[in-house]
């Protein structure tokens, strides 16, 4: 009864909150609630779905769209019950008595038998902000799902401000409100600020809303003065995920929801499990809009303050959380979509949803900035802010210059994303009072002068001169920061102080006058030209001969040439790389509707008067959306904005409520592999942007190359002409050895087939690659290397328990202290530097083939930008870069390696970036991808066998002399080297730094054997040659060398020669010379070591590393079980064997060394000819079609 009484009081306390606002029949609903819903609450449903925020991110629209789908969803009598935020007596009730709270919550929803098979929705956007109340919801419904919409925090703050202003709750300006909020949250000297911080901390500690609600001023500060606080998403998400399992939470980027509403809604429905086909009509118009947020206006200082407070982690939040789980796409419609808009600004927010390359348009329109911009906007000219302008001094990543057709200044819009939101500066960057013209300025054409770090802008204004084109003339202005321009040759302050006569000022004005209006400047073979408006035609203008051609802004009048286009309006010019042709994007006055075309102009002739249009113009873009003047297809729509079919005219549109059917004023910007076109639409009622299709992409204007691989599904029969091999190696030479072998094999194969030798560029993380593996023959054969700044890998920081967590923390900058000034962690800072180098190299080299070794995304993900760039280029051009991933025969223990790839995000990116996978091993021996690569993967996988094919008889004959010469050279250089052929062992830990235990173990065995035998002459242990790794620590090498010297001293007294000879390091061909003539090899069984064992058929004792990665241990076990090698295993550190079991281990090593001369060779148990032909097979896969030796089955290719 107490709960019932409090519920009645709650509804009476705030009927608008619960029963709707402004409804004349709310008293009837009150009676229904009191006498019908509360008594029957036991039979009603609890919510299954909670939309908990964030405020002004589209929660009302999403709630409305879902509720319109009555076949799948059911809603309560109100959208917000406010149970989560505790702003009503209900929150107090269920906080202390969950049972009563559950019954009260049920009262707002329908009967259970009505909601059977449906999902019940509740939406309180305060939920994320009041996150400490969320555990109470799980007490009511442990299986509830939570949807969180997240929006750019600056846009959200401004929209929230407009919302409060519309409700009459805010009377300050946005700038004042933001500064007031930050003051309250940070200044304890402020009375309210101190009280607010105290009550807020108490609420968090007690996990209750009571302290915040106890004081009206604090309550108002928490809920109303929260423009910035609500946009600090990271701590709110942390509180949410601490209370709710991650799989019960869905984060949606509001930008995706606004621009691709139907697609996003399908994904949300799929995640919620609503698979019934909806027959309902869904009103897709935006709900609860607060204003024209896409073109917000605020002080620059406020914007910078908000960026410092909110924007630093926004991109990370989107990439980490705002992704949908792997769901099956739903192609069936979600219901009939009915758009009912009555004004233009509502139309634009739902425009362009039917094409994936479109964005929310217009991105700039005059109705939102009438006091600043005027009644129309047009002539956009967009640049990416150059690198020479510091980020702290720029407003955004992109600047758009535009103007009112008869405006008094050139305006600047800025954004961090091409698709918006775009903001507009309050002041013009160039005003008419600072120009030699009069009346108005318009049609900016902006260029970057990188040599002098200047921004150049051509613009037009009516001229007072007596020239033929005096009506509209072009002038030039210059700026250093892009926000303040001054006209070249015109200084109004100096002119005003100089007391010049009217005629003298007229002469100065005339000197600034360059030519007619609508200049679009470009450079051909070192000379400047412009395409301009010549009496309603498009004609060529040239800088007068004798003018300094390098000076792009020198105000010397230009000379007129021939007309090329008739009735041309504004245009945009793209010059081909060979300077033989132009691509001109333009619209034509008089067309109905007026659209944008592209034409080609032949400029191959040195005589510019002979330039002319070649071929017919092609249509690029025409009015489609309603704001552009396109036809509204919905017969039930009550739009007052209608399009006009009248012929377009010059100048601005003079129709008020009638949108002229035209798009014009094109401007193209190439960014991120895409070409974006900005344009004015609907008679200059707005500026839009669209991503151009492939045939109009700027990439397509480059000279077409003959593609080596016409399609990714077919394989070429000739060698690729440009190859990049990515070697991630940092410590050790395994990756570098493998990459160099493949590079030389491709080159050799091209020579054998008498084909053109390719250019092979190795991008290596190992600076020793060039001197180690590329001999004189390969240097002359088209192989070169770019060495990246080096990483240092610290294996000793890893343990089996922390391996995945610390997988990247083990990589640090080897030599550079601060490789990136923006990164505190030197490993991640170096990644940014290396990533940029790789992307620039790949973009400039334009490979036909990219072979990536081992790391699909590169170390720290440094390959991702380059891979994205190549994939984008593949989509936009006719040339194709084939991307292949190379993996060794064993990766690691399956469970650990799969977890590592999942932690790095590899599995979700493989099919996006890679065409094929090549495994340097045989599937029937060990399948490294089993249990890692999904069974339904579409990536073709080839198992090619081990690299380093055993030489044929002829190859052996050719190699014998070379090996003998190298062997004699080594003996001459090292006087202690007196071993006979086939009478010595090689002890090698490869090129890494973690083989200390191997050297220690072998030396212990030799020391023990010498001590046990009184007469050194009777020793039966073979002599040994120790080859240290290139990266082995010098201190350990010195320790081992002192032990070697002691052994040799004892042995030399009896035999007159050394027992053990050591080399600090040997080049690859030198090591092979030793390997060919040895008795056996003691090594770690790395991938390259095992390939050499098989290549030269050497007896081997394998002592694998069993820490960090298990790949050596797995490989050794497989071939030891087959009898090809012998394996010893011990618990040891990277530097020495365990002291506790050293005696037993020493005996085991000694026995193994004594038995090595009588051990079987690999050829006794393995078919080496077919096992080690990996290089031949790699070449066949990379540069030749599959032959009869391959059986291709679905997505797998295995050897027969």
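Cβ from N, Cα, C; glycine included.
On a predicted model such as this, the values are computed, not experimentally measured, just so you know.
Annotated features in TrEMBL:
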type     : residues : note
ACT_SITE : 56       : active site, for sulfotransferase activity
BINDING  : 151, 159 : 3'-phosphoadenylyl sulfate binding site
DOMAIN   : 47-332   : domain 'Sulfotransferase'
Integer Cα-Cα distance in angstrom, residue 159 (3'-phosphoadenylyl sulfate binding site) to residue 56 (active site, for sulfotransferase activity): 6
Rounded to the nearest Å - Cα separation of the residue listed as 'active site, for sulfotransferase activity' and residue 151 (3'-phosphoadenylyl sulfate binding site): 8
Cβ packing number for residue 159 (3'-phosphoadenylyl sulfate binding site), 10 Å threshold: 25
Count of other CB atoms lying within 10 Å of the CB belonging to residue 151 (3'-phosphoadenylyl sulfate binding site): 26
Per DSSP, three-state class assigned to residue 159 (3'-phosphoadenylyl sulfate binding site): helix
Helix, strand or coil at residue 56 (active site, for sulfotransferase activity) [DSSP, three-state]: coil
